[in-house]
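Visitor: The structure's right below; bear with me while I get my questions together.
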Amino acid sequence: MIRHRNLKIGALLFSIFVLVLGVSGCSSSTETTYHQPKTLRIATQSSTESQIMGYMLKDLIEHDTNYKVKMVNNLGSSSVSHKALQNNDADIMATSYTGTDLTGTLGMPAQKDPKKATKTVDRLLKQRYDEIRYPSYGFADTYAFMVTQANAKKYNLTTVGDLKPVASQLTAGVDSSWMNRKGDGYNDFAKVYGFKFKRVYPMQIGLVYDAAEQGKMQVILGYSTDGRIRSYNLKILKDNLHFFPPYNCSLVVRGAIIRHDPHLKKVLHRLDGKISLSTMQELNYQADDELLEPATVAHRFLVKHHYFEGGDN
Amino acid sequence: MKGLSLWQQFWYYLGHNGTYVLQQFNHHFAISVYGVLLAALVGIPLGILISRHHHLNGPIISIANIIQTIPSLAMVSMLMLVLGLGDQTVIVANFLYSLLPIIKNTAAGLDSVSPVSLDAGRGLGMTKWQLLVMVEMPLSVSVIMAGIRNALVVAIGITAIGSFVGAGGLGDIIIRGTNATNGGAIILAGALPTALMAIITDWVLGWVQHKLAPHTAKKAQ
Amino acid sequence: MMAFLQAHGTELIVKTWEQIYISAVSLALGIIVAVPLGIALTRCKKIARFVIGLASMLQTIPSLALLALMIPILGIGKTPAIVALFIYSLLPILRNTYAGMEDVDPILIDSAKGMGMTNWESIKMVELPLALPVIMAGIRLAAVYVIAWSTLASYIGAGGLGDFIFNGLDLYEPDLIIGGTIPVTILALVADWLLGIVERKLTPTTSRGGAANDQA
């Protein structure tokens, strides 16, 4: 009887032991900073742009080094990506935007000068989190208010300031996280421009463009590099009071990863300054409107510009 | 892709992104299977335990039941706060959700072994362990299979949600579809393989379950 | 926690109500369709297997997939969510209604016929009351499923407590995530418990020992 009972308990403990092994074996393999990891994890947000850049990095790393790359996709915002780096859930963040990092992640006051903003962000990310921020890819993806061409004519809109007289009649569709953003969110916007909309609908950012095109919203807050601006022929309203800070885009990598690996450090520089705003819009357009996966778009871009043959465009 | 119908777009998409879709398909299936296998490793012994010690039935099944009632998005998000972003979170979620069906079915299967078979085994001089391995388990394997089948189908659904915490899989394609212009075709390209994975798994394991049923029970099933 | 309740207290109530609303409507639609259908199938056994098989197949479809598939057809918002949830609620209710009706002792149906009852009267006064506990078990199961999946419906714009969770995931704010997961879990557990009570109340004392309602 006792033997039989021990056997059962033994089976139970063994199962739990196997379970623990199984779970820890499946989790990320980068533990200590001195142990050379075999897999790098790239964190990307759910935007097409972030995924395209993420997959470009994946292709380059896997082609030029011995690392394998695992993607950690669809994170909701930069904050999540930074948290992923800090928690060692990821090693590289594919797209970090100066403005978002400055006021959001770092909690610093807004800074309109792009050079100053970049310097501050680079410095503080390294200081506080040991995150190394690379030079910009070459484009800035900024928040932009947009309207259909029809509405632009109807209400005579060229700049954001032009919305003031008619704002009380207009509904606006915005990214749900913009409502709560500090420094460059809705409340600060209302203070600077001196008006609020009739009603603001927060929604998943992917849905605002459709909302504008279907006439459900008269104004939307979208991203300047989105491919749908082209496909829906939307008009971007100029930010005449420079409310939105600069949002230059670059990659961020954990210091621990590149300190002991100068070769990887160099490889990650291959995309510096290579992607202009119009290039990014075009790439986004291919993914958003031409039914190509970001992974496919990224790969084709690199092939087209001879990255795999040692060239850099 | 204005000129094409929804289905034309769908095939165009598959044609141009086939490798990617296949990679995600495999990744998705692997994550689902790992969780269920781990649950089987823990759940089957626990089920055996319960069928031997019925007083444990209450607490263990209650805990597993509560886990089952927690909405999957809630579970996955909470696990993410503890285990971080990435597929390990989803594997653990799948593990937790697979426990109840497997434990319950193992216990039920063992409990339903006819006393006649047990007596016959004892009559042959089998020890408790031999009885378990050579009589009870084989007779219960079909019911246990039903639990595993149920668990795997559910796991496939939970893995789809895992995309929200960076686990990858076909959910990534579905999310892209909801974010893209006229993403209907992309949503299809993500949702259909996921649905098919679940439906086909259900059929195949249902067939296996039927085949494993002891001959006498097959007619009843 | 107090800070969270202060900042989001009203939202919490509104979203809980939204979620209960879409769950209740989908469940109600499910009952309205599946119960009569289940009863009808007991009279047309040939297609019963096919119909139940179809409902079973629909339920195998992962929830995110089904919800997302509604978007190209019905757009975003509460309506597509309700349709998707309605589809999910069908199988448990349908299967249990059919099984419950089938389980009614044929002797009783015969006596009903013997007493001169029409088909409809037999169903209404004999079979349905006897099948009620099993049907209720199916409704309870469907309700738990629907509440769980309605959390995900927030993704297609249906509102509900899932909004907190998605916002929390988007901004990496554990407060919001927990502020969504705990209420929704409580909601699911409470609904399960309440419906469990209703189910027990509807089970006649004589058959409480062996209600055939295990459809996990």
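Yeah, the Cβs are placed from backbone N, Cα and C, and that goes for glycine too.
TrEMBL annotations: computationally assigned, not manually curated.
Straight from TrEMBL, here's the annotation block:
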type	residues	note
DOMAIN	B:25-205	domain 'ABC transmembrane type-1'
TRANSMEM	B:29-51	transmembrane segment
TRANSMEM	B:63-85	transmembrane segment
TRANSMEM	B:91-110	transmembrane segment
TRANSMEM	B:131-148	transmembrane segment
TRANSMEM	B:154-175	transmembrane segment
TRANSMEM	B:187-208	transmembrane segment
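Help me picture where these features are in the structure shown.
Guide: Using a Cβ-Cβ cut-off under 8 Å and counting only residues 6 or more beyond its ends in the same chain, the transmembrane segment (B:63-85) has close neighbours at 92-93, 96-97, 99-100, 103-104, 157-158, 161-162, 164-167.
Counting same-chain residues at least six beyond the ends of the transmembrane segment (B:91-110), those with a Cβ under 8 angstroms from any Cβ of the stretch are 31-32, 34-36, 38-40, 42-44, 46-48, 50-51, 57, 60-61, 64-65, 67-68, 72, 75-76, 79, 83, 136-137, 139-144, 146-148, 150-152, 154-155, 158-159, 162.
Using a Cβ-Cβ cut-off under 8 Å and counting only residues 6 or more beyond its ends in the same chain, the transmembrane segment (B:131-148) has close neighbours at 36, 40, 43-44, 47-48, 98, 101-106, 108-110, 112-113, 117-118, 120-122, 205, 208-210, 212-214, 217, 221.
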Visitor: Below 8 angstroms Cβ to Cβ, which residues of this chain, lying six or more residues outside the transmembrane segment (B:154-175), approach it?
Guide: 21, 24-25, 27-29, 31-33, 35-36, 72-73, 76-77, 80, 85-87, 89-90, 93-94, 97-98, 101, 186-187, 189-191, 193-194, 197-198, 201
Visitor: Quick test of the contact rule: Cβ under 8 Å, at least six residues beyond the ends. What residues does that give for the transmembrane segment (B:187-208)?
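Guide: Non-local partners: 6, 10, 13-14, 17, 21, 25, 28-29, 145, 148-149, 152-153, 156-157, 160, 170-178.
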